[in-house]
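Worksheet: one structure, shown below.
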Amino acid sequence: MLHATVLPILLWLATLAYGFDRKEFLVDGNELPGFTKLKNTKHWTVPKMYAGHLPATRDNDTQYFFWKFENKKTKKNDETPLIIWLNGGPGCSSMAGALMEIGPFRLNKKAEVIKNDGSWHMRGSVLFLDQPVGTGFSYSKEDNEVSELDEVADNFMVFLQNYYATFPDDKDRELILAGESYAGQFIPYFTKAIIKFNEQQRDENSKINIKVMFIGNGWLDPKRQYLSYVPFSLEKGIIKKEDPAFKDILKQHETCQNYINSDHTGHSELSYPPCEAVLGKIISQDKTQCINVYKFDEYDSYPSCGLEWPVDTKFTKQFLTDKKVLAALHANDERSWIECRPDVKLENIKAKPAIELIPSLLESGIELILFNGNKDLICNTLGIDNVLKHLQWEGETGFTDEVQIFDWVYRDDLKSDKEKVAGTVKYERQLTLITIEDGSHMVSYDKALISRGILDMYYDDVLLVHRDGKDTLISSKDGDIDGYLEDDKSQDENKDNESEDESEDENDSDDESDGKEGDKQENKPDDSDDESDEEDDDEDEDDEDDDDDDDDDDGDDEDKKGDQNSHPSHGDMNGGLDNDLETGGEYYQDEDEEGSNFKAFFLILSLVSAFIIVAAFYISDYIKSRRHPILVDGDGRSRLNKSVTWASDIENGSFDIEDDDPEFGTEGMEDNMELEDVFSIDEEDEEQLEGVVPESTRKSKKGSKKKGKYFSVPNDDSAEDIELQDIERH
């Protein structure tokens, strides 16, 4: 009890003692190769950056490295979040996430920064963190290593408090913990630590504002995910029963199953070496080429098998070993950067898999958003599907009949009909499951713009339409759903007004033709006045339309001016960052001198104001009918359940993995583990078993499905096994 009370106080006192100045972390972008060539565009801005080391232990011994990107248009205390991104491994640097996935930069073949149109910094500040100690540029002076996830969480909390003390403006922002792969273990543990910290705070202002976890291709439940390798590979045609190596794969799978069912006292429940070997046998069936474990429809040279994928990895290493770059990032250059360090190992003898933390986190009100590329093998969609199918939260198991299904498409421009299939979405009881069509293990690497739509869903910046009997979510490059709906509504109203005007003109013309000639001449002055008034009304409406168009044009002009004025020459293409680093090189724009006629200005302003007041009521009703909040409630957002499966109607040939099959043997299974999560050998393989496996070990009832005994034919010519401890979960 004393420990629980004193620890937060010690953490806070530690942060006060350091007293870091954020100016010391400011990054001079001019020192980064290619930076001066970057220009602002409508959908991308040159970021303001901070980087360096902050303590992750109270004795200041362990130093975590971070690199933070801000959108220069972001104002203080606005509603945009702080996103902390974590790569996996353990031991894989989040700088890969910064330069190959969701950061504002990508690298060309010269290791120069170029813009990433799908950067998440356009939706909030993004911080990339190297952790645990020993990962990337993070280090410990005394070589203090951690071995448990709880210890890693403690270090993260110390870093986070130091960060907030250094960047107090971010304290009130919503914190989003996001990451991929083994971050599926980190993020739930870190979130649990944050919730515990918040419970100990008496002052509401001292609490950390966390509401959601984003986990991509997550490693959540090793038992079920290990057992998905063979059935998933069969389903996708990666392996076939006729393959010479198939029997050997089955034998290794049985070894994995037996290991999972054994007593793990004194051993980790997060890593099973015999199960890692299953994947090694699947991807390397000969010594010439093998399957890319991170994107199974691509092949790689043996024995790499995806370890050198993606190709940007070599450019990233070149960039992060450049002395000028390291100096600009305030990074420790005592050892060379590598993407994944094999010496960073977590024993996790005490730790439980993070899947066991998730039910309580969901029930506490934290949202969980899982997103998966459907071409990933190492953390595949079938494995995640099996994990969720057995997950119990809020009194139910898995998704129920209340789940709603949505298709998801992406458009560069909402006004265009050109769109790409992005994936599908499933949502119920605080948990969202998203699949990205044709996505890899590193979803944002090959689907950057589409993956940013995940953030847009969370913040209700997607369009919901009903077509072909299905609900469909539409995300876009700019995510400006409000602007799109307002423009769409204005166009509809303008068309209605034009139709009314034409009708009035026709009626007036008919009235004039019915009058007598004398009456026309007698009433000519009055008719002239009426016609003049009508013309004035038409001109006023035209002025309103023109003003709306001018507003749009002005926005485009301002973007263009921002680009031109921000980059007057090739000598200063970074928006003035070298002139004023602390202010982040604000982009100043010249005042528009047109419209200096105040009389005309106020006339137009009055007309626009009147138009806005009238249109506001219509727009409000229109938005309510077409725009639906997604994912979270509270703070003005209502809940909308949503659902879609990315591996619909799983077909594993003769290998049935249905839950309700009564013929699966479950003897020796631990607690909730059942063999139906894997597969069974069916009747048509019975002949293959004869002469290889004793009949006493097999069930041969007609129509039955059985565990049987996995069999193997010795094969001295089989390919050398790949050690899967070398294949990291980035």
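The backbone N, Cα and C atoms fix where each Cβ goes, glycine too.
Annotation source Swiss-Prot lists signal peptide at 1-19, citing sequence analysis.
The topological domain 'Lumenal' feature in Swiss-Prot is assigned to 20-599.
In three-state terms derived from DSSP, N60 (N-linked glycosylation site) belongs to neither a helical nor a strand segment and is classed as coil. Marked as N-linked glycosylation site by Swiss-Prot on the basis of sequence analysis: N60 (among others).
The feature active site is assigned by Swiss-Prot to S181 (among others), with sequence analysis given as support.
The active site annotation in Swiss-Prot covers D376 (among others) and rests on sequence analysis. Counting every protein chain shown, 27 other Cβ atoms lie within 10 Å of the Cβ of D376 (active site).
Residues or ranges marked as active site by Swiss-Prot on the basis of sequence analysis: H441 (among others). In this structure, H441 (active site) belongs to neither helix nor strand by DSSP; it is coil. Its own atom aside, the Cβ of H441 (active site) has 29 Cβ atoms within 10 angstroms in the protein chains shown.
The region 'Disordered' annotation in Swiss-Prot covers 475-590 (among others).
The N-linked glycosylation site annotation in Swiss-Prot covers N497 (among others).
Annotated compositional bias 'Acidic residues' per Swiss-Prot: 498-514 (among others), in sequence order.
The N-linked glycosylation site feature in Swiss-Prot is assigned to N507 (among others); the stated evidence is sequence analysis.
For 527-557 (among others), the entry in Swiss-Prot reads compositional bias 'Acidic residues'.
The feature compositional bias 'Acidic residues' is assigned by Swiss-Prot to 579-590 (among others).
For 600-620, the entry in Swiss-Prot reads transmembrane segment, with the evidence type sequence analysis.
The topological domain 'Cytoplasmic' annotation in Swiss-Prot covers 621-730, and the record cites sequence analysis as its basis.
Per Swiss-Prot, region 'Disordered' is recorded for 684-730 (among others).
Swiss-Prot lists 699-709 with the feature compositional bias 'Basic residues'.
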Worksheet item: What is the nearest of the recorded positions N60, S181, H441 to D376 (active site), using the Cα of each?
Response: H441
Discussion item. Most Cβ neighbours within 10 Å: which of the recorded positions N60, S181 is it?
Written reply: S181
Response to the item:
If you measure between the CA atoms of H441 (active site) and S181 (active site) and round to the nearest Å, you get 8
Item to complete: Summarise the model confidence on the topological domain 'Cytoplasmic' (621-730) as a single mean pLDDT, whole number.
Response: 38
Item to complete: Measure from the CA atom of N60 (N-linked glycosylation site) to the CA atom of S181 (active site) and give the result in Å, rounded to a whole number.
Response: 29
